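**Student:** Quick one: the structure is below, and I'll ask about it shortly.
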Amino acid sequence: MGFLRCASCEDFWFKGVDVNLFSQFQWNVPCQPLSFLIYRLVFALYQIGWNIAIITVWGDPRFYRPVDSKAKWPIYASNWALMFFSLYCFTALITAISLAKRNGGVQATEAIEMEPSKTGKGDVDLDPEEQMKPVSLPWFVKVTWFLQVTSYSVTLFVSVAYWLIDFDPEVEHASIFTIHTHAISSVLVLLDMALVATPCRWTHFFFGTIFGLSYFVFTFVYYVLGGYNPYGEKFIYQSMVDWEDKPVVSLVAAILVSFLVAPLFHLFFFGIYKLKIFIHSRTQQHVRKSNFSN
């Protein structure tokens with residue numbers, strides 16, 4: 001199978017996959033679904049707890065530059081990404097609980113094994129979407145999938161952009177809350193991608209584009225309505241979101257981030273997903289050969 005297979009119409013939306021992929025690890029972790037539920041619970045409590053803490057202390061001189069109003073917390077892309085990732089963690093927990101109840105509770109079961117099929121040339125088909133029976137996904141699963149797709153890319157992007165472009169050690173210090181927003185959250189995103197079985201489609205790249213366009217439109221409207229940043233200045237990000245003094249730069253940034261950078265970050269995660277499936281497939285083959293030889 002090619003890295004980027006031909007897409008059908010349903011590939012651009014949230015359908016055509018087995019719902020069980022949203023309630024299990026990619027790997028043969030013992031005591032599923034209970035272990036998966038515990039993972040989701042710990043993950044959600046940790047991320048949401050940090051989100052609440054960050055909002056609470058934002059602007060506190062001990063951790064941040066003093067701000068003129070806490071109500072301006074949502075004007076930053078970093079905080080949009082933080083909220084999206086926290087929402088994903090919450091809905092992923094609800095999804096795991098709901099699917100566990102549908103499947104008969106939390107009694108320990110064996111992880112669902114995705115039997116690789118063979119192509120005419122004897123190659124292993126690596127995509128689990130084609131190995132498991134697709135069913136209609138409940139609405140909350142679709143919401144979780146959307147939040148996952150979007151939050152993965154934007155969380156990693158804002159981390160990279162913050163440290164490369166925005167962070168100025170002469171103006172602010174990197175508190176634990178800043179580090180969580182712009183570093184630890186990205187580590188959690190990569191960890192989650194590596195562990196869970198949720199599918200990733202290259203065709204979902206446009207959700208990051210929608211997120212980017214939405215944010216830049218918001219910043220423009222905020223500027224037109226006379227909004228200032230928390231430090232009394234007209235720009236939000238001086239290097240790339242400054243509609244007052246750098247409108248052309250801001251417009252170019254909006255186009256590049258939305259239509260080039262966001263899809264590239266999504267394809268990065270798609271590549272990780274395909275690598276994960278490849279490793280899992282080879283591991284399963286090795287286990288089968290060992291069992292057969294014994």
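Each Cβ is built from the backbone N, Cα and C atoms, and glycine gets one as well.
I grabbed these lines from TrEMBL:
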type: TRANSMEM; residues: 37-59; note: transmembrane segment
type: TRANSMEM; residues: 79-100; note: transmembrane segment
type: TRANSMEM; residues: 143-165; note: transmembrane segment
type: TRANSMEM; residues: 177-198; note: transmembrane segment
type: TRANSMEM; residues: 205-228; note: transmembrane segment
type: TRANSMEM; residues: 248-273; note: transmembrane segment
**Student:** Do we see three or more Cβ pairs under 8 Å linking the transmembrane segment (205-228) and the transmembrane segment (248-273), pairs being at least 6 apart in sequence?
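**Tutor:** Checked: the transmembrane segment (205-228) vs the transmembrane segment (248-273), in contact.
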**Student:** Where, among 37-59, 143-165, 177-198, 248-273, do we find the most CB pairs under 8 A to the transmembrane segment (79-100)?
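**Tutor:** Between the candidates 37-59, 143-165, 177-198, 248-273, the best contact partner of the transmembrane segment (79-100) is 143-165.
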**Student:** If I count Cβ-Cβ pairs under 8 A between the transmembrane segment (37-59) and each of 143-165, 177-198, 248-273, which range comes out on top?
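**Tutor:** Between the stretches 143-165, 177-198, 248-273, 177-198 has the largest tally.
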